[in-house]
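Engineer: According to Swiss-Prot, the feature topological domain 'Cytoplasmic' maps to 1-23, 93-104, 180-183. For 24-44, 72-92, 105-125, 159-179, the entry in Swiss-Prot reads transmembrane segment. What Swiss-Prot lists as topological domain 'Extracellular' is 45-71, 126-158. Swiss-Prot lists Asn48 with the feature N-linked glycosylation site.
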Amino acid sequence: MDSGEQGETSKAPLNKGVSRGVSILDLILRVIAVISTLASAIAMGTTNETLPLFTPFIQFKARYSDLPALTFFVVANSIVSAYLILSLPLSIAHIIRSGAKYSRLVLIIFDAAMLALVTAASSAATAIVYLAHKGNVRANWLAICQQLDSFCERTSGSLVGSFGAMVLLILLILLSAMALARR
């Protein structure tokens, strides 16, 4: 009977250590997601390129703000980045006090909402960037990336960061769900 009790007491510190490790991983993933969404918003928000057409006086300017889907992308990534920054203190609190159930549940709900927002924004922006690269012959939309290399490279790069943030948010949701299930 003593060995059973001893096994239970030795299991509690191990469980607490695992819970602390999960909380530290949660914090690290949140910091990386902040960097990813913020970099995506900044890269897209500062994207513009000017192309002289016939003379230096007639120019074509490509800016992210000309396309509503890209504007939505910048705003959505900024919102998700701000949320992730605001969630960092709660993530730190989970490291200190690992028994918090309700705050983890709140994080799961808001993480899922932010995942939906960044998914919608990334999908809308991906459609526009695809059209910029490939065009659409049936709709008579020409591909513009042959002329606007910098614009297309920056928009594509910001999409990569945003899709990376989507993966990180999925991992955060799964991590929080596993931490709740262990309790």
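Glycine is treated like the rest: Cβ placed from N, Cα and C.
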Engineer: Across all chains shown, how many C-beta atoms besides its own are within 10 angstroms of the C-beta of Asn48 (N-linked glycosylation site)?
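Structural biologist: Taking every protein chain into account, the count is 15.
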Engineer: What parts of the chain pack near the transmembrane segment (72-92), using Cβ distances under 8 Å and only residues at least 6 beyond its ends?
Structural biologist: 23, 26-27, 30-31, 33-34, 37-38, 40-41, 44-45, 64, 103, 106-107, 110-111, 114, 117-118, 120-122, 124-125, 158, 162, 165, 169
Engineer: Are there residues at least 6 beyond the ends of the topological domain 'Extracellular' (126-158) whose Cβ is under 8 Å from a Cβ of it, and what are they?
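Structural biologist: Contacts of the topological domain 'Extracellular' (126-158) (Cβ under 8 Å, skipping residues fewer than 6 from its ends): 39-41, 43-44, 46-49, 51, 62, 64, 67, 69-70, 73, 77.
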Engineer: For the topological domain 'Extracellular' (126-158), what are the DSSP-based totals of helix, strand and coil residues?
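Structural biologist: Looking at the topological domain 'Extracellular' (126-158) with DSSP, the answer is 19 helix, 2 strand, 12 coil.
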Engineer: Taking a Cβ cut-off under 8 Å, which residues six or more beyond the ends of the topological domain 'Cytoplasmic' (93-104) line up next to it in the same chain?
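Structural biologist: Those are 16, 19-20, 23-24, 26-27, 176, 179-180, 183, in sequence order.
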Engineer: If H, G and I count as helix, E and B as strand, and all else as coil, what does DSSP give for the residue listed as 'N-linked glycosylation site'?
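Structural biologist: The residue listed as 'N-linked glycosylation site' sits in a strand per DSSP.
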Engineer: Can you count helix, strand and coil residues in the topological domain 'Cytoplasmic' (93-104) using DSSP?
Structural biologist: 7 helix, 0 strand, 5 coil
